[in-house]
Amino acid sequence: MSESSRAFNVDGAGQPADGARGGGKRRPGAGGGGSVPFHRLFAFADGADAALMLVGAVGAVANGAALPLMTVLFGGLVDAFGGAAGGSGDVLARVSQVSLEFVYLAIASAVASFAQVTCWMITGERQAARIRNMYLRTILRQEIAFFDMYTSTGEVVGRMSGDTVLIQDAMGEKVGKFIQLMVTFFGGFAVAFAQGWLLTLVMVATIPPLVLSGAVMSNVVARMASLGQAAYAEAAVVVEQTVGSIRTVASFTGEKKAVEKYNKSLKCAYSSGVREGLVAAIGMGTVMMLLFCGYSLGVWYGAKLILEKGYTGAQVMNVIFAVLTGSLALGQASPSMKAFAGGQAAAYKMFETINREPEIDAYSTEGRMLDDIQGDIEFRDVHFSYPTRPNEQIFRGFSLAIQSAKTVALVGQSGSGKSTVISLIERFYDPQLGEVLIDGVNIKELQLKWIRSKIGLVSQEPALFAASIRDNIAYGKDNATDQEIRAAAELANASKFIDKLPQGFATSVGEHGTQLSGGQKQRIAIARAILKDPRILLLDEATSALDTESERIVQEALDRVMTNRTTVIVAHRLTTVRNADTIAVICRGSIVEKGPHHDLLRDPEGAYSQLIRLQETSHASEGASNQNKSGRKSDTGIRLGKQSLVNQSTSQRSSRDNSSHHSFSVPFGIPHEIDVQVGCSKNITDEIQQEVPLSRLASLNKPEVPVLILGSVASAISGVIFPIFAILLSNVIKAFYEPPEMLKKDAAFWSSMFLIFGAVYFVSLPVGSYFFSVAGCKLIRRPVLDNPVRKDRRACRAERQRQIDSNIAAAAILRP
């Protein structure tokens, strides 16, 4: 991790924020109202970014100064036309000079604007990419308990696809725009004070209310945005799980329930989105109303100064335009401040995760690396409970010794702690008390990456990625050669079926391996596990989900790879444990029996013998049942955990439920045998995106047509105000050069028109924004999840062949 990321702290106080440490109880980023200081957004900037920001800031300052300078030139132009006492030739010369100065100012402004926008866009993209990378690295760095307690796949996808866009918006071109507007604001008032300080002081009275309304609006919008982002993150979980498990959803006809759950999760997002739009519009309407009040005051008092203090029309117009320009700049800063607030809220969640120090650091280089390991494993008085259920002890003084190059099978009922043994050996978790030793060394003292490179794991549900068979096997070892990959496949009894495929090892397995059968996936997982030639092999119910034929093939592969390795087997089926050197029966986190298969059978009242009898009874009854179902292949298998060992309630959840196997993989309830489809289409990211007609998008909002009409009318009223405003200004300029009586009368009339325009804008803008917010948020709430979950099985298979990733679908559905 970079130094900048290590030094960063979301609360800026030098101490970790709540939940930033691995032991924190609060979910990182779960707080809906948090935000980081603005300067912390740039914590990941490097030297090149600093240079780009410096150049961009200089360009923004120059660009912002152009408008106040323009008001000075405009004042001179008005004076040239209004005070034409020297004849037409003199007027033409003065106008020509001012026009040339306008050209010079335009060229300088164009160069400054180019530097401003280019530099800030580039640095914003660079820093946002760095934040995405750091966030993903941090997620992968965390211990498994973090995924159990604090996050999920959908939330990670939502953060990377949505929140980083908000952060980039807050520290990119919006910063340059804000600097430009602030320079325009202060420059405008500087010019105004220089031209007529008395009139400027009167008009400055409108600035405190402007600043106050903008600050209140930004704070409220930030809270609403944070709540909305949290709601969308929760909805992302629903979408990812539903789309990722579309076959399971379809098999249980759960489409309607999935859509209802999705809609329920968006209720909070809908309300916060509508309120956010309404608050932002009210704030903007207030700002503009105060600006119009300022103009009204300026016209009325400016006419008074012309009559009583000898001000010229050019001076008054210069002051009004300077204040007008500065005030408008302040009003236009609202979108930037809104972007800053949204970015700060989004950064709070992401940066809190980035700052989190894991209890078990997957990237840590600390710890011992032995020359090699023999494979001796020992559990010594281990006490353990899962972080999600700290009050339920899995192990209380658990002890077990496993000799190197021996095979130990762990059997017992669900929830007894079998899979927990696997998790502790892999150091997915650390015990609260006691030690886990490998070759007599506490596993905590060994470098985590090194010791995991000596351990191979094959789980019940093999996690295959949407890549080729070669790539999936190669994940087991860095820089693996084709020869090593083929050798591992042969040892795993997988090379025969792979060679029969037209594309061989280049065949895509589909998302989660859905293009392969259960047995084929398991053999690829075995090949991946043994590619690094591990000294310790862990088999966590590796054949329990397979049918009889697939189990036989996979078991043959396992028998071949277990030779000369320390092997720990967690199994329900006796066919996988009979030949183990030692069988340990676990009950309530303790070993009640241990020994070879034949020795354990000598005690007819022992726990293992009871399991044998229960299995035989279950096998006989299930065999009789299957004989009445012609054409069906038996795939039941006899599970050791089906009935109680010692009258313990079977309602106890398994240790697997407590572990994090579910965190980043979604199992599919699909038939085991699926024909491998060849010639898959290109990945969706490579496909040409077709443009959607605007009419198609508009049709999605048909139910909100009345709301959209009302919003359009209100927005149209807001839109025509500024063109009419130009007419008002031209009449004001004309009035300043009229005789005193006419000037006094017209000034009063036009100043009252400014007040009326301000009131109309204050009402029309919030009304239009409210109606459009309702329509937009209802569009997002509309069940866009309906289409993915209602596709028939053929459509689902076609989409799998195109490798449409569920996370991409989730991000697309939830993108505002």
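Just so it is clear, glycine is given a Cβ too, placed from its N, Cα and C backbone atoms.
These features come from TrEMBL:
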COMPBIAS  617-629  compositional bias 'Polar residues'
DOMAIN    54-342  domain 'ABC transmembrane type-1'
REGION    1-30  region 'Disordered'
REGION    617-663  region 'Disordered'
TRANSMEM  50-74  transmembrane segment
TRANSMEM  102-122  transmembrane segment
TRANSMEM  178-195  transmembrane segment
TRANSMEM  201-222  transmembrane segment
TRANSMEM  277-301  transmembrane segment
TRANSMEM  313-331  transmembrane segment
TRANSMEM  705-729  transmembrane segment
TRANSMEM  749-772  transmembrane segment
Across 50-74, 102-122, 178-195, 313-331, the most C-beta pairs under 8 Å with the transmembrane segment (277-301) come from 313-331
Are there three or more C-beta pairs under 8 angstroms joining the transmembrane segment (178-195) and the transmembrane segment (50-74), sequence spacing 6 or more?
-> yes
Which listed range (102-122, 201-222, 313-331, 749-772) shows the maximal number of Cβ pairs under 8 Å with respect to the transmembrane segment (178-195)?
-> 313-331
Winner by Cβ pairs under 8 Å against the transmembrane segment (313-331), considering only 102-122, 201-222, 749-772 | 201-222
Six or more residues out from either end of the transmembrane segment (102-122), which same-chain residues have a Cβ under 8 Å from its Cβ atoms?
-> 52-53, 55-56, 58-63, 66, 69-70, 73, 172-173, 175-176, 179-180
So what's near the transmembrane segment (201-222) in sequence-distant terms, Cβ-Cβ under 8 Å and 6+ beyond its ends?
-> 35, 189, 192, 276, 279-280, 282-284, 286-287, 290-291, 293-294, 297-298, 301, 319-320, 323, 327, 330-331, 333-334, 337-338, 340-342, 344-345
